[in-house]
Amino acid sequence: MRPSEMTPPGTMPPRTLPPSMPSRGLPLAAAGLAVAALAGLPVLTLAPNRLVPGAPVGIGLPGLGLGLLALAAGLLLAAPASAKGSRLALAAALAAWCGLVLAAGQGAAGLLVGKPAAARAALGPGAWLAGLALAWLAGQAARAVFSRWGGLVAAALLLGFLALAAGGGLLDSLSLMVEYRARAGAVNAAFLQHLGLAGAALALALAISGPLALLRLRDGPASRLVDGLLNGVQVVPALALFAGLVAGLSGLLALVPALRGLGLSAVGPVPAVIGTAAYLCLPLVRGLSAGLAAADPAVLHAARAMGLTPGATLVRVRLPLGAPVIAGALRVAAVQSVGLATLGGLVGAGGLGAVVFEGMAQFAQDLILLGALPVIGLALALDAGLALLTAWEAA
């Protein structure tokens, strides 16, 4: 018997709440948030053009049905678990989310009837909050139905319906779609540039972090120097770091003009990749060094006794045993790279950051969202994909 299970004679053991009880309140809270957002916040806004704030517009009667579906999903998820209840909750949450998308698209079309061409109908805070709450309910219900793959199934269903609705022209009146149609080529190119910037920064950070992690394994001046450098980079503001890189590269190119022939420039992808990689080195170095140090000393002694060289021990012992820790660090760095690559727009590197900063310069909220939403979606998709891959390898 464990010490925590022993109680003095004549006393009652302490009562504990079932572990599922705290989580049962979350579906009800999410459903309540969806209902409150639909009832108390504008689902749409109508503005005379893309630059001025819009007047709030409620969802009207459709909100009643969507609210009832949200409450049904929340109650079913909060009830004692059952296969039938989970499937019904998933159906209710999906129906409410899809209904919200259709109501927003058709509501925007109705608002623009008879209005000038410059008028814009945008999603209001009620639509965003209710959409997030309903998507969370759908994800929880899908996890109850499909277990490990539930989140992926829910995301595929929600995004699949969104793609069908957008492809079918049901969302064409929303200002976000109007902005996208006007800049489809530029936004698509920026998305690919963003992937390239994030991937190049992650590759560079990995190339730097490997040797630094090996140095950090040895407790001494080299290890402390590595820690000091990495911590120092983290406290430098991003704007200051990127500005310093531009100035430093300008000075280097002035001293060695031949470097321009190699594609090196003071503005563009080069400072963006270097700056992003600098921030990624801390989680990578710490994760790599922790993973490499995870091997039991007895295992390392046995490897040396078998005649394995340090290089062979690294590849055949340290890396396999530390793979879960290293995979976690890689996951953190990969997600970070997607977000940090947005700052490349400040130094002329393009990517989705350029779209975001252009929208900020024009005070155009839809243009800002057009750059920010793909970054958020890409980061979430990358995090979920790497998490599933890690769980699948561990199973």
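Backbone N, Cα and C define each Cβ position, glycine as well.
All annotation found in TrEMBL is predicted automatically rather than curated by experts.
Feature annotation from TrEMBL assigns compositional bias 'Pro residues' to 10-21.
As annotated by TrEMBL, domain 'ABC transmembrane type-1' applies to 191-388.
The region 'Disordered' feature in TrEMBL is assigned to 1-21.
Among the features that TrEMBL reports, transmembrane segment is placed at 55-78 (among others).
TrEMBL lists 90-112 (among others) with the feature transmembrane segment.
Feature annotation from TrEMBL assigns transmembrane segment to 118-137 (among others).
The transmembrane segment annotation in TrEMBL covers 149-171 (among others). Note on the transmembrane segment (149-171): residues 90, 94, 97-98, 101-102, 104-106, 108, 135, 138-139, 141-143, 177, 381, 384, 388 of its chain, located 6 or more positions outside it, place their CB under 8 angstroms from a CB of the stretch.
Distant neighbours of the transmembrane segment (191-215): 222-223, 226, 230, 269, 272-274, 276-278, 280-281, 284-285, 288-289, 292, 333-334, 337-338, 340-342, 344, 349-353, 374-375, 378; these residues of the same chain sit at least 6 beyond its ends, with a Cβ under 8 Å from one of its Cβ atoms. The transmembrane segment feature in TrEMBL is assigned to 191-215 (among others).
Sequence annotations record features per position, and here TrEMBL assigns transmembrane segment to 235-256 (among others). Listed as Cβ neighbours of the transmembrane segment (235-256) (distance under 8 Å, sequence separation of 6 or more from its ends, same chain) are residues 264-267, 270-272, 274-275, 278-279, 340, 343, 346-347.
Annotation comment: TrEMBL describes 262-282 (among others) as transmembrane segment. Outside the transmembrane segment (262-282), and at least 6 residues removed from its termini, the chain residues within Cβ reach (under 8 Å) are 196-198, 200-202, 204-205, 208-209, 212, 230-231, 233-234, 238, 241-242, 245-247, 249-250, 252-253, 333, 336-337, 340-341, 343-344, 347-351.
TrEMBL lists 367-392 (among others) with the feature transmembrane segment.
Fewer than three CB pairs closer than 8 A are found between the transmembrane segment (55-78) and the transmembrane segment (367-392), and contact between the two stretches is not assigned (pairs 6 or more residues apart).
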